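Some features that TrEMBL has for this protein:
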type: TRANSMEM; residues: 54-76; note: transmembrane segment
type: TRANSMEM; residues: 96-119; note: transmembrane segment
type: TRANSMEM; residues: 173-192; note: transmembrane segment
type: TRANSMEM; residues: 212-230; note: transmembrane segment
type: TRANSMEM; residues: 335-355; note: transmembrane segment
type: TRANSMEM; residues: 376-398; note: transmembrane segment
type: TRANSMEM; residues: 410-428; note: transmembrane segment
type: TRANSMEM; residues: 472-501; note: transmembrane segment
type: DOMAIN; residues: 525-685; note: domain 'STAS'
Amino acid sequence: FLMERKTRVKTSRKEIVLAKLRKSCSCSPRKLKNFVMDFLPVLRWLPKYQCKEYIWGDIMSGLVIGIILVPQAIAYSLLAGLKPIYSLYTSFFANIIYFLMGTSRHVSVGIFSLISLMVGQVVDRELILAGFDLNDDAPPVLGDGSLQSDGQPNTTAFNLTAAGMSAACGKECYAIGIATALTFVAGVYQVLMGVFRLGFVSMYLSESVLDGFATGASLTILTAQVKYLIGIKIPRSQGHGMLVITWINIFRNISQANICDVITSAICIVVLVAAKELGDRYKHKLKFPLPTELVVIVVATLVSHYGNLNEVYGSSVSGAIPTGFIAPEVPRFNLMLRVAVDALPLAVVSFVFTVSLSEMCAKKYAYTIRANQEMFAVGFCNIIPSFFHSFATSAALAKTLVKTSTGCQTQVSGVISAMVVLLVLLFLAPLFYSLQKCVLACIIIVSLRGALRKFRDVPARYHANKVDTVVWVVTMAASALISTEVGLLVGIVFSMICIIVRTQRPRTALLGQIQDTSFYEDDLEYENLSSIPKVKIFRFEAPLYYANRNYFLKSLYRLTGLDPNLEVARRKKYEKKEKQHVKKEDHTTANGLGGGDTTLQLVPKQIDFQTLIVDCSCISFLDTTGVNTLKEILKDYKELNISVLLACCNPAVIDSLKRGGYFGKDCGSMQEMLFYSIHNAVQFAQDQK
């Protein structure tokens, strides 16, 4: 039977573009209102807020996240290479802006370990280029902001001037300048991606790439915190191979370990891990997670303060954390040019983590998000706070899970968390002066448990999909051993190469008929399949395009046991030899032993099939090379009196074949060459005998 295709009404692209432009550029009060409400989703859902039903869950989750956020913000400042006050600013502004612009009710946006690490690597590199010492015990900043230096004051001043900053700007000032410039550019990238609807970029970051990147970055984070755990003073490594270089320096200086920091770290890790394990085991019985990090920080600060651990044992402490807000400052344009390339992977990673977590929560709680608006929200969570001495943010998985488990209902919980951070900023920040850095390092390391546990999943991952496991291993190794940015790029490129290779060498099979049915399956995979006399059915499980053309032909010839080109050439040689024998006058010589041997070698091969059916159900598209390949096998097999039939072609493949002239000029023979099922093609082949 022949199915008739629907006739499509062709509309010129020019008219479509003009219609979209008219729709986009037109302005009316209603459209302006919709634009504002789409840009600020809070205007839509806040008037419908059901206070009695939602308020207590939002308050509880907001308080819990705020309590967790404060110690994590202070701890993650070590990763970013910045002072703790800037981490608190970041957490405060990110929650407020996402409350106004975000579409996910449950995502916790704020400071995130991987983003902090990426920011810290850029900050460290630029500090080195500016002539600063990355050692934590570098000369302090004077009251006027200049760097106190006993050796080479002119070097620092010269490098700062070359970078476009005033010579009076010290290490801390320059570091936050780099961080805010990087954050601003990343936010601009995200907004531009939203304007041009480039959210599809996230599709190239597969789950294996993201997991491998997170695990590799976690190893880098762990390595960077070891020196704080044991209290040794080693230079902060920068550039490729940072993980290996840092471990070499750690073992070289292990004899200088501070016994006070070692004991404190051991106690804190035991307490934190034990509390996390108990929390995971009894999470169904607990109404909210235990604020272990806050308890550990409070106790450790009191012990450090009253035990004078900094003065007596030389334990490194956080130092003074000022209260209040610093006057806003515009990020410096000349610094943006230095970090423009670094901001791109930062923007992509931040967006991908936020959107993936938003979609996960929306699916779980049955509501919808707008991915494009999420990109705007994250972009402005970076752009606006960069004027207030904040650095890049993203959604964080751990805090999002805590938020959902503590009764969060809407984005109002983010405002409650911001108020907790504001309380610390205005009144409580100086109380953390004596907090040991090794305690912050313990909090960071314990927070990496989820990412580091991915190593336990490798056997199961390998059993499920070997290629995805290789992608995970390659991305993880590149992120840890080279650098996070290079690791992400390597993971994306390698995963795409794997996809290309899998389409270049896909599965191929000869099909047999399932007995007493009209269905056909792989003869090597299933028992009790019956072959069709004089018919071969070939399946190619991939698109047919220029990269896999040769593999298609080789697989076809190998499985059918017949290369038509060789067979045609063999027959031509045989015919030519026969003509030579006829022309010879001496028939006795012509029938001799040597001639007989030659004739036997040139006898044409006996072909055991008369029809070749190509199952195109797995061929999603054809390019020009693919169409020409099918035309080639049609011609080659025709010379051997073997007919080629196509089955199960989708409309796109049929259109490509028509445009390529596969069915002839007027497609007159299409009904005899194309079938909508394999069984129809088999019946046609049997009827033609």
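Placement of Cβ uses the backbone N, Cα and C atoms for every residue, glycine included.
Because TrEMBL annotations are produced automatically, they should be read as predictions rather than curated entries.
Counting same-chain residues at least six beyond the ends of the transmembrane segment (472-501), those with a Cβ under 8 angstroms from any Cβ of the stretch are 114, 117-118, 121, 204-206, 208-209, 211-213, 215-217, 219-220, 239-244, 342, 345, 348-349, 454, 458, 461, 547. Just going by CB pairs under 8 A, the stretch in 96-119, 173-192, 212-230, 335-355 that sits most against the transmembrane segment (410-428) is 96-119.
When pLDDT values are averaged over the domain 'STAS' (525-685), the model yields 84. Across the candidate stretches 54-76, 212-230, 335-355, 376-398, the maximum count of CB pairs under 8 A to the transmembrane segment (173-192) is reached by 376-398.
Counting residues 6+ beyond its ends, the transmembrane segment (54-76) has Cβ neighbours under 8 Å at 84, 87-88, 90-91, 108, 110-113, 116, 288-289, 291, 293-294, 296-297, 318, 321, 399, 402-403, 406-410, 412-421, 424, 432, 435, 440-441, 443-444, 447 in the same chain. Cβ atoms under 8 Å from those of the transmembrane segment (376-398) belong to residues 39, 80, 82, 85-87, 89-90, 93-94, 97-98, 101-104, 107-116, 118-119, 176, 179-184, 186-191, 193-194, 325-326, 328-331, 346-347, 349-351, 353-354, 357-358, 447, 450 of the same chain, restricted to positions at least 6 beyond its ends.
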